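Q: From TrEMBL, here are the annotated features:
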- 18-249: domain 'BAR' (DOMAIN)
- 243-311: region 'Disordered' (REGION)
- 243-261: compositional bias 'Basic and acidic residues' (COMPBIAS)
- 306-365: domain 'SH3' (DOMAIN)
Amino acid sequence: MSVAGLKKQFYKASQLVSEKVGGAEGTKLDDDFKEMEKKVDVTSKAVAEVLVRTIEYLQPNPASRAKLTMLNTVSKIRGQVKNPGYPQSEGLLGECMVRHGKELGGESNFGDALLDAGESMKRLAEVKDSLDIEVKQNFIDPLQNLCDKDLKEIQHHLKKLEGRRLDFDYKKKRQGKIPDEELRQALEKFEESKEVAETSMQNLLETDIEQVSQLSALVDAQLDYHRQAVQILEELADKLKRRVQEASSRPRREFKPRPWEPFDLGEPEQPNGGFPSAPAPKITASSSFRSADKPARTPSRSMPPLDQPSCKALYDFEPENDGELGFREGDLITLTNQIDENWYEGMLHGQSGFFPLSYVQVLVPLPQ
């Protein structure tokens, strides 16, 4: 630094000390300038905090923000153009749902519902990624540029103005000891800096419509995101409601262990205590039933044991849903459970399933 520069720094420091410590008054700027400076200061603080809060809005998790900052730094070092995006919570939730839905399998209502919800969450994450890109390009980047360029330039002009004011006030206080030409040059530089600073602040405040436009772009991006999100969630809600209705329309099946072997009645006892006139045939769930006074049925008609709950089909029943038991008119069905007042569960030809009560005639009722 030259001797003249050192002298100028000394003048400014001396004047600053005399004002702070000694209570000396310096040159006062006009009220309009002070009001303008105050508005610029408020604008600067507003832009800085809005930027921080907007980034938090896009990624609320501070750990994720810190990790992303680190990854972006590494990307710049490696010369990568595209930086990694925020890890969307919707995408993480969607991947979790899809993974467990596949593990449960297609036979599970909950598993199918998890797959539907997981795919919808992954779509929401994609829409959120689009929101991040739009907000960054049309809101964050312009405001960041305002901070890095315009506001920083204004602060530079104001700092320079303050330095020249201190220099001018020091020389003005020592008028007569300092050449008049040097005092005149100090005044001219002070007035020049004031004009430059005033012009830059005025330009910023008069063009604040640009910030309004950027704020509008933020709201438009949010609206577009929420419209798409509502559409995705409405589609998912409709799918889940249909699944609930389909599951509710099917009768509920209660678990009941199946017997290992068919039940054998053996020989029936005689009511008078005598001996049976002929050995009674063994009757099982798979044996054919023949009556002395009725013609033999076809082999397709299986007869349950005499003391087991059973019913006779009055009409043909074609199953429409999984778990239903189909039969033909005249079939004899073993009853295993009553689901509700309209549905039974039974077995026929080794197959178990549900069927409506209105299609059969109960021969031996279920025990109460």
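Even glycines carry a Cβ here, placed using N, Cα and C.
In TrEMBL, annotation is done automatically, which means it is predicted and not curated.
These numbers come from a predicted model, not from an experiment.
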Q: Summarise the model's confidence over the domain 'SH3' (306-365) as a mean pLDDT value.
A: 88
Q: According to DSSP, how is the domain 'SH3' (306-365) divided among helix, strand and coil residues?
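A: Counting residues by DSSP class gives 3 helix, 31 strand, 26 coil.
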